[in-house]
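K.L.:
The structure's right below; bear with me while I get my questions together.
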Amino acid sequence: MEQRLSNTESFPNQKQDGVIIDCSKEEAVAMAVAAAEEPPVTQKPKRVATLDAFRGLTIVLMILVDDAGGAYSRIDHSPWNGCTLADFVMPFFLFIVGVAIALAFKKISSIKQAARKICVRTVKLVFWGLILQGGYSHAPDDLQYGVDIKHIRWCGILQRIALVYFVVAMIEAFATIGRPRVILDDGHISIFTAYRWQWIGGFAAMVIYLITTYALYVPDWSFSVLDADKQLQHYTVVCGVRGHLGPACNAVGHVDRRVWGVNHLYAYPVWSRLKDCTFSSPNDGPLRNDAPSWCLAPFEPEGLLSSVSAIVSGTIGVHYGHVLIHFKAHSQRLKQWMAMGLGCFVIGIILHFTNAIPINKQLYSLSYVCFTAGAAGIVFSGFYIVIDVWGFRKPFLFLEWIGMNAMLVFVMAAQGIFAAFINGWYYKAPENSLVHWIQKHVFINVWHSRKLGTLLYVIFAEIAFWGIVAGILHKLGVYWKL
């Protein structure tokens, strides 16, 4: 039989806030009940600084290659096969978008709510993409705006991000929200099986891309351009092939011409810097007299079929986000991340150098997906070691600040809206503006080199400037998010 204690019998002494006190049975019971009912104090999870730093790095790379690529063609986009610094920007964007998607739905319990947020954000991205790259904005040098709807460019950087975000986020939402909490075992494969639907979606996208790229028949096609005398010239490109991966007759371009129309594609493709088109290759230069007609043709580098392939870049990013959620130890995270990063990187290199599938940003080929996603994973892991494991955060604070206000810096700096605003205030002629004066007198003339002056202008007057602005906005708690 259980022995009862009288109400006057005391419990053993209790220690409270470092002081020994006596308490009766009733007091002790009350204290125990209160302690049981009081919710546990939980600390807010520490923000992983690498996420913002990596996003900031991507924005910085975009500014660098867009504004200094004309002076240094080696960092500009590869004219066709191959990979340069500029070719890492888009997959890095999609990679970090994927990581953010994995983290975004942890606190959302309703699929309907998640789907609404995904749709609204997708529409916002498409809207800003059309404004900035559809032809409406002519920043930073042309002081005009407006676009002929007959020639509007429907695709662009933000539109591709919107498509990838929509597909990957919808799969993530429907596969995770309302499902039992994922419990992983010690096996290296468990995280892949736990999120099988995300990988099935990425695999399906790549299968669709590969089948279309290699099986679709590409017929002859025509286009028209204005010559130097403003006369409309008509050209025909002879194709009649399947599985061609060259500039003129690939399925990626054919799909865009059929879906969007040839007038709505990017009018200045990088393939015009190929040796077949100019003797100045890989720099811009006048066309050769014997240049094929397709050197003048439009081509959409952010087109529909290549964006389907880009879904895989976002899927790999989601995987890195899942690792971040489920593995708490630095060593566990890094093992998963480095295994994926190195594996993808090696696959991309093998596919390219065996000539099985060349690395090609314009086509967004499978080897390009693997190579750049692997590079993104390796760089992300390196940032994580230096910033979050070793704690060397201060040298990368400007990247964090830019990453926290990525959309603002993208619009104002990478798309030249702020520079266009400054250029709008000029003396007598548009060339006499503050931006042009700084470029010429503070950088180019001082260093007696247009190439070096341009590079230093981009580093200090754009990247460093917007790093400081983003830091001030961070201190004020001001962020622009879609």
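These residue numbers are counts, starting from 1, taken along the chain as shown.
Backbone N, Cα and C define each Cβ position, glycine as well.
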K.L.:
Looking at 18-37, 118-137, which one does TrEMBL call transmembrane segment?
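P.N.:
Going through 18-37, 118-137 one by one, TrEMBL gives transmembrane segment for 118-137.
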K.L.:
Find the member of 85-106, 157-178, 455-473 that has more C-beta pairs under 8 Å to the transmembrane segment (363-387) than any other listed stretch.
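P.N.:
The stretch with the most contacts is 85-106.
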K.L.:
Per DSSP, what is the residue tally for the domain 'Heparan-alpha-glucosaminide N-acetyltransferase catalytic' (47-171) in helix, strand and coil?
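P.N.:
Per-class counts: 81 helix, 4 strand, 40 coil.
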K.L.:
Six or more residues beyond either end and a Cβ under 8 Å away: which residues meet both conditions relative to the transmembrane segment (85-106)?
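P.N.:
Beyond its ends, the transmembrane segment (85-106) has Cβ neighbours at 51, 54-55, 57-58, 61-62, 64-66, 69, 74-78, 114, 157, 160-161, 164-165, 168-169, 172-173, 176-177, 302, 310, 313-322, 324-325, 361, 368-369, 372-373, 375-377, 379-380.
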K.L.:
Where does the mean pLDDT land for the domain 'Heparan-alpha-glucosaminide N-acetyltransferase catalytic' (47-171)?
P.N.:
93
K.L.:
What parts of the chain pack near the transmembrane segment (408-427), using Cβ distances under 8 Å and only residues at least 6 beyond its ends?
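P.N.:
59, 62-63, 66, 128, 132-133, 137-141, 143, 402, 433-436, 462-463, 466, 469-470, 473, 479-480.
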